[in-house]
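Per TrEMBL, the features are:
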{"type": "TRANSMEM", "residues": "7-25", "note": "transmembrane segment"}
{"type": "BINDING", "residues": "His100, Asp133, Glu195", "note": "Zn(2+) 1 binding site"}
{"type": "ACT_SITE", "residues": "Asp102", "note": "active site"}
{"type": "BINDING", "residues": "Asp133, Glu168, His402", "note": "Zn(2+) 2 binding site"}
{"type": "ACT_SITE", "residues": "Glu167", "note": "active site, proton acceptor"}
Amino acid sequence: MEDALKIRLFLHSIITIYFCLYISPVESSPEIISRFQQYLQINTAHPNPKYYESAEFLISQAESLNLEHETLEFVKGKPLVLLKWTGKNPNLPAILLNSHTDVVPAEHHKWNHSPFDANVDEAGDIYARGSQDMKCVGLQYLEAIRRLKGSGFQPIRTVYLSFVPDEEIGGHDGAEKFAESERFKKMNVGIVLDEGLPSPDENYRIFYAEKCAWWLTIKATGLPGHGAKLYDNSAMENLLKSIESARRFRASQFGLVKAGLMAEGEVVSVNMVFLKAGTPTPTGFVMNLQPSEAEAGFDVRVPPTADPISLEKRISEEWAPSSRNMTFEFKQQGYNFEKKFVTATDNSNPWWKLLEGAVEKANGKIGKPEIFPASTDARYFRKQGLPAIGFSPMINTPVLLHDHNEFLNQDEYLKGIAVYESIIKEYTSYIELTDNEASRDEL
Ligand SMILES: [Zn+2]
Ligand SMILES: [Zn+2]
């Protein structure tokens, strides 16, 4: 080959490489994964979540992305980090990407990897409390914005990101106060994205509503007596009858799911979460004394499709009848008696179609819309009359929220970033006012 030709080819390849790097400055995945690990390594488990450490980390991310940031502290010690990417038309209602920063506790000794090390195994699975619920989503939002900014994309609608505390203990000092605040009203939000669930198959799951948590305790009282004596109406006997009744109801609801007649989100779930009874000694319990009090706790979840009045009647008449010396109390009882907070999935809600389209553009498939079988902060935004969609982009992943050895595969995490990139693009480029937005503007 002639020297001149060689030189031309050489220069051509240099220029091509330069332009490829310049036009799409895609960051290597080790750095993306390492940022996810850093967030997972901050121990934000209850009862003492390191909220300030996580806020500091999130603010450093925001600064590296040139996003505006503010910290709202509705309750001292519980910072909520709010980030903003201003759109070209800030008068249009904004997009809110919400995620919670807290996680549930982990029984460290029962995990194969320490839950706050964020170890990656040979298969690329990242083990950590919060890897599915829901630190993944919070950082995927940020990584998607990093890529969009890198590609020169400019949103038309404004995007807000809220990183909220306390979701796992009810969200009262976090998303609830935020959604009710003046600051929130000023943001003029039109659509909220919040958490969903992983899918064990290849279809992403999308949620339009959720169950209400009824945290119920039932208590029995009765006469104490000799451990050898047979008598009626002891506290233990009375409580056991209630437990049996609740179990029968649980089995009938679960049976509908097992038979494929109802989805998990459509039935009432009842699970016993504690039992408290007996006369303690320093080494155990007194064995020959029937106690005068016995108590059980149930996590009951009620879908918007259930009749809350008949369920409450069942509780007071069958599970805790006063005729059996029983009382009951709700530690928390959702909103079922007021209005049903359900986000439309039909044409009246353009955000639904846009989300489906965006996931498909990122080569994802979507399953049937579902009711979230537990609870999320989305309820507080729905209560404000806003559409809120539950979505966590994880497919081919076992559901391990609140479980031991919670993990997310790194490739799945990276794919989720591309899905959010597509969603944020579609959402922020949508310029028509939805019917709701238009009627809000008229007010
Ligand atoms: Zn969660
Ligand atoms: Zn959770």
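Glycine is no exception: its Cβ is also placed from the backbone N, Cα and C atoms.
Keep in mind the model is a prediction, meaning the values are calculated, not measured.
With a CB cut-off of under 6 A applied against ligand 1, the recorded positions Asp102, Asp133, Glu195, His402 are reduced to Asp133, Glu195.
Checking the recorded positions His100, Asp102, Glu167, Glu195 against ligand 2, not one has its Cβ under 6 Å from it. Residue density at Asp102 (active site): 24 other Cβ atoms are found within 10 A of its Cβ, drawing on all protein chains shown. Counting every protein chain shown, the Cβ of Asp133 (Zn(2+) 1 binding site) has 27 other Cβ atoms within 10 Å. Asp133 (Zn(2+) 1 binding site) sits 11 Å from Glu167 (active site, proton acceptor), taking the C-alpha atoms as the reference points. Here His402 (Zn(2+) 2 binding site) comes close to Val104, Asp133: these same-chain residues lie at least six apart in sequence, with C-beta atoms under 8 angstroms from its C-beta. Secondary structure from DSSP puts His402 (Zn(2+) 2 binding site) in coil.
Look at the Cβ of each of the binding-site residues His100, Glu168, Glu195 and count the other Cβ atoms within 10 Å; the largest number goes with His100.
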